[in-house]
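Over in Swiss-Prot, the protein carries these features:
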BINDING   ASP21, LEU22, ASN23, ARG36, HIS59, LEU60, GLY61, ARG62, ARG113, ARG146  substrate binding site
BINDING   LYS197, GLU314, GLY340, GLY341, ASP342, THR343  ATP binding site
Amino acid sequence: MSVIKMTDLDLAGKRVLIRADLNVPVKEGKVTSDARIRASLPTIEIALKQGARVMVTSHLGRPTEGEYNEDFSLLPVVDYLKEKLSSPVRLAKDYLDGVDVAEGELVVLENVRFNKGEKKDDEVLSKKYAALCDVFVMDAFGTAHRAQASTHGVGKFATIACAGPLLSGELEALGKALSKPARPMVAIVGGSKVSTKLTVLDSLSKIADQLIVGGGIANTFVAAQGHNVGKSLYEADLISEAKKLLETCDIPVPSDVRVASEFSETAAATLKSVTEIKDEEQILDLGDVSAERLAEILKNAKTILWNGPVGVFEFPNFRKGTEIIARAIADSDAFSIAGGGDTLAAIDLFGIADKISYISTGGGAFLEFVEGKKLPAVVMLEERAKQ
């Protein structure tokens with residue numbers, strides 16, 4: 001994967017536009033989770049330190065395109081950046097016809113989704129973004145799978161289009177885990193539905209030495225082995241697909257689980273074998289024997305890819321399976337990469353972020369990369385590197 005890297009360029013005096021992923025949760029005008037901004041700070045700081053005229057932009061939320069809406073303004077992000085950076089920071093609302101930026105100053109360009117044509121990768125809008133800068137830096141891995149004006153179109157028309165350190169790091173880490181993984185390679189795919197992750201399961205079954213399934217996905221595999229899953233979330237129409245995967249890949253299906261009579265935070269957990277599940281019960285977590293068996297597999301792994309929890313970890317009574325898995329990954333010597341919103345929430349909950357080799361900021365982009373799909377923004381950067 002050959003792209004121009006921002007870190008290889010001299011940015012002094014240049015107008016630099018960074019497309020970051022600053023799509024953070026905001027409540028009452030305050031940023032409530034700063035993980036994505038923190039991840040973007042090093043890129044901004046490198047450009048400022050080099051004496052560039054720095055602009056950064058992002059989308060935030062899902063406003064009606066082409067309309068300004070204060071609820072989706074990047075102003076809370078600007079307030080956050082003012083606290084973290086020693087350089088002056090300001091918000092520019094009207095910038096499409098040009099914006100003055102001083103050396104060593106950071107100008108945040110208001111939410112790109114307020115611009116008509118953003119989502120459709122409009123050429124006129126893309127050219128306006130490109131005219132703002134000498135160097136366009138794509139650093140938002142989380143939106144690299146979308147061909148939009150601020151992630152894709154702008155890069156086609158900018159004088160120079162390059163990958164920022166965050167995007168480069170994501171691509172290198174995923175490449176390391178998927179292209180030439182140290183073996184054994186173990187992949188964990190959790191979540192509620194097989195249907196949404198069937199392509200991922202299929203792709204990983206060809207790469208991984210062992211494929212661990214969890215959550216509602218695992219219930220479909222339990223059912224595929226002929227067990228009653230009661231009222232559990234599962235997909236009867238995908239049992240044949242699950243059987244196919246069981247034949248082609250080593251998938252350790254749970255032998256014991258934690259069940260409840262209702263889907264509720266206060267529901268009592270009962271530990272039982274998968275052969276004993278009653279019609280009125282639903283599986284909400286792995287059992288101890290299954291979780292410890294998986295922990296042992298992870299202990300011996302050399303590469304671990306983790307996407308999705310293995311139980312309803314948001315409920316304290318059904319957290320144990322995910323915690324055992326999370327701690328096994330943290331204790332492993334393997335190169336580990338984790339991605340997806342729920343996975344990141346679990347990592348935060350168990351306080352193991354510093355024990356994971358690489359935490360991906362992308363949800364959909366992470367999955368599409370794992371599926372082997374080409375990400376439009378990355379393809380654009382590769383094409384620009386050839387010119």
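Cβ coordinates are placed from backbone N, Cα and C, and glycine is handled just like the others.
The record assigns ASP21, LEU22, ASN23, ARG36, HIS59, LEU60, GLY61, ARG62, ARG113, ARG146 to the substrate site; their largest pairwise CA distance measures 18 Å. Non-local neighbourhood of ASN23 (substrate binding site): ARG36, SER58, HIS59, LEU60, GLY61, GLY142, each in the same chain, at least six residues away, with C-beta under 8 Å from its C-beta.
Among the binding-site residues listed (LYS197, GLU314, THR343), THR343 has its Cα nearest to the Cα of ASP21 (substrate binding site). Across the structure, ASP342 (ATP binding site) and ARG113 (substrate binding site) place their CA atoms 25 angstrom apart.
Each of the binding-site residues GLY61, GLY340, GLY341 was ranked by the number of other C-beta atoms within 10 Å, and first place falls to GLY340. Taking only the Cα positions, the spacing between GLY341 (ATP binding site) and ARG113 (substrate binding site) is 22 angstrom. In this record, ATP is bound by LYS197, GLU314, GLY340, GLY341, ASP342, THR343; the longest C-alpha to C-alpha distance in that set is 21 Å.
Long-range Cβ contacts of LYS197 (ATP binding site) within its own chain (separation 6+, distance under 8 Å): VAL189, GLY191, ILE217, ASN307, GLY308, LEU367.
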